[in-house]
Each structure stands twice: as C-alpha cells, then as structure tokens.
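Here is the structure we will look at, set down as structure tokens.
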C-alpha cells in the first residue's frame, strides 16, 4: 500500500513542492531582508549591485513617450512582405507545436524498446519540464544578448511567481497524459477561459463583457461533453478519469495565474516578451534542477536515456520545438497582434486532435465530435465578437494599472 501511494501523482506533486520550497522560502526571506537595506546603495560593490537588481530592479529613466511609441517606430512593411511573414509565422507555429504535441504524447504514453529487447516507459514529468526550460532559457538569453532590447527595470525576483506557476502547469500537463488522452488535454486547454477570466479579475481587476461570459460557458459545456462521452469499462477507468480531470483543473488554474501575472508585469514594467521568456525560464531552471537533484531525478532519467537512445532524440526535439515555438509566439503577437495569434493556435489545436486520433488511434464518438465542434466554433465566435467590439466601441476600456 505504501509503495502504491509513493507511485501516485499526489505523492510526486508533494515531493516536487517540497523541493521548490527549499528554494522559494530562503529566497523570499532574503528578498524581505534586503528590501529595506540601505547598504545596497553602496557604490563599487559588485555583489550588492546584483542583489539590488534582484530585489529592487533598475531605476526607470525612460521617457513616457519612448515607452508608448516603441512599436510605432517600426517601418511599415509592404503587403507582399506581410503575407510572407504571416505565412512563416503560421507555418512555424503549426510545425513546432504539432511536433511538440505528438512527442509529448509519445514520451508519456508509449513504451520504449532497445536492441536488447528491453521495454520501458518514462515517468518523470519534471525532467521533461527541466529540459524544455533549459533550452528555452538558452534561446532567450542568446536573443536578448544579441538584439536591441528595452531597458530592463523589473525586480528579477518577480519572475519567480509566474515561473513557479508555469512549471506547475507544465508538470500537470505532462502528468495528465498518464490518465487522459491527448485530445482531452487539448480540449481542456481550450476551455481554460473561465479560470483565466477569474484570475484576471483577482490579479488585474479586469472587466468582461456578457458575450465573453456566454462563450466561456459554451466552451466549457463542449469540453464536458467530450470528456464525459468516453467509454468507461471499469472502476479503474473511472478512478483514472477522476485523477485526469483533477490534474487538468490544476493545470488550468496554474496556467491562468501565469498568463495574468505576466500581463500585469508587462503593463507595469514594459519589458519585451523575450526578456520575460528569459526571466521566467531562469527561475524555472533553478526550481526544477534543485528538485531533481534532491529526488535523484537526474540519475534515473539519465539511466533511462542510456538504456533507450531514442528517448534522447525525442527529448532534444521536444525541447527545440518548445523553445522555437515560444519565439514564434512572441514574434507573431508583436507583429500581428493577439487575435491573429489566437486564430493560429486554435487551428493548431484542431489539427493536434486530428493527428493524435490518427497516429495513436483515439476513438471519436459522435458526441465527442459534437463537443469538439461546440468548443472551436465558440472560440472563433468569441474572437470575432471581441474584434468587432474593439472596432465598434468609441471609448477604449481603461484597466487599472494594478501593481504586483
């Protein structure tokens, strides 16, 4: 019974949280200690200089008009160039995230075989989070170093909050595949609008229109229809579904916090998206590496890697697709806006479900197909209504500049 409990996702989650606490608690105490320390202003002290950047950030000497007009300074591109660029962005997002999704499902659900006839299944979700974050940090750090970026003024420690929620959402995402199918997971991601709206109200004091509430409910109904239309063959299947749904709810909550916290940071400190990517992944590497060292996760994962060489290439390709995909996300949003990006990613989700069903032979009943149609038709309706409302409305919506 004890061994069974130690193999459960709840036990693994608690152990991970304990590992993160060994980093977060001392870090929080140090931040609190140095916040009111005047010694940080001591000149020519390299250590205090970096501690000050970590705790207080850098003084904002930028002019307001420079911040507000940063994007308007871009030269206008020709129509042909715009079409070519949007095709590149669309292709990049589809290819990187479709491959990423298929690899994610393969690693967490399929058996690995080697030339000796041995069979094994990889189970450490946290190691996958780590390898993704390391490469993403390297990509973002290189890009920030080689390109012109706005002055960074945010206290570095503030990235740790959304970093923690980000690694938790990624861990829940991988862990969920042990209990629910990949199409179910994709539908759950599409239905996270209600938690995002709730977090937006709590963190940023955002207000929403009636059609946003209505479409959010419709998307959730479609997802529930898809999830509840699956075949249940035993009590074990029911228990597995309950675990899967619980993990997906935890994923949605943590991911909703991440996006709203990042939005608040963008609004307050005006950093670039790649600076955000670099800061978040920096803390993610620290959290996951410390936890893996404490649990012996590096040793067990490398032992698995040595036994099954295909796993190495899957991990490398998974990490590359994740990092490249993030860069495409930031570039697409900066060039074409959030609406174009959401449409592209919605198409990607539809294709991901179809590919997963074809390759891994998931069954699609009529009720499940109807649930998928409800979700994605409502997503497109929501995009259209939001776009129309922005153009029709004569008065812009002013949101509170809530500090975090």
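The backbone N, Cα and C atoms fix where each Cβ goes, glycine too.
All TrEMBL annotations are machine predictions without curation.
Here the transmembrane segment (12-31) has Cβ contacts under 8 Å with residues 54-55, 125-126, 157, 160, 164, 171, 175, 286-287, 290-292, 294-295 of the same chain, all six or more residues outside its ends. Taken from TrEMBL, the feature transmembrane segment covers 12-31 (among others).
Annotated transmembrane segment per TrEMBL: 83-103 (among others), in sequence order.
The feature transmembrane segment is assigned by TrEMBL to 123-144 (among others).
The transmembrane segment feature in TrEMBL is assigned to 210-230 (among others). Sequence-remote contacts of a segment are chain residues at least 6 beyond its ends whose Cβ falls under 8 Å from one of its Cβ atoms, and for the transmembrane segment (210-230) they are 180-181, 183-184, 187-188, 190-191, 193-194, 197, 241, 245, 365, 367-368, 370-375, 378-379, 381-382, 385-386, 389.
According to TrEMBL, the feature transmembrane segment maps to 236-253 (among others).
According to TrEMBL, the feature transmembrane segment maps to 274-291 (among others).
Remote same-chain residues near the transmembrane segment (311-331) are listed as 89, 92-93, 96-97, 99-100, 103-104, 106-107, 112, 122, 128, 131-132, 134-136, 138-140, 143, 273-274, 277, 304-305, 341 (criterion: CB distance under 8 Å, separation of at least six residues from the stretch ends). Taken from TrEMBL, the feature transmembrane segment applies to 311-331 (among others).
Under the heading transmembrane segment, TrEMBL lists 338-361 (among others). Outside the transmembrane segment (338-361) by six or more residues, the chain places 86, 89-90, 93-94, 97-98, 101-102, 105, 109, 181-183, 186-187, 189-190, 329, 332, 372, 376, 379-380, 383, 386-387 with a CB less than 8 A from a CB of the stretch.
Look at TrEMBL and you will find 367-385 (among others) tagged as transmembrane segment.
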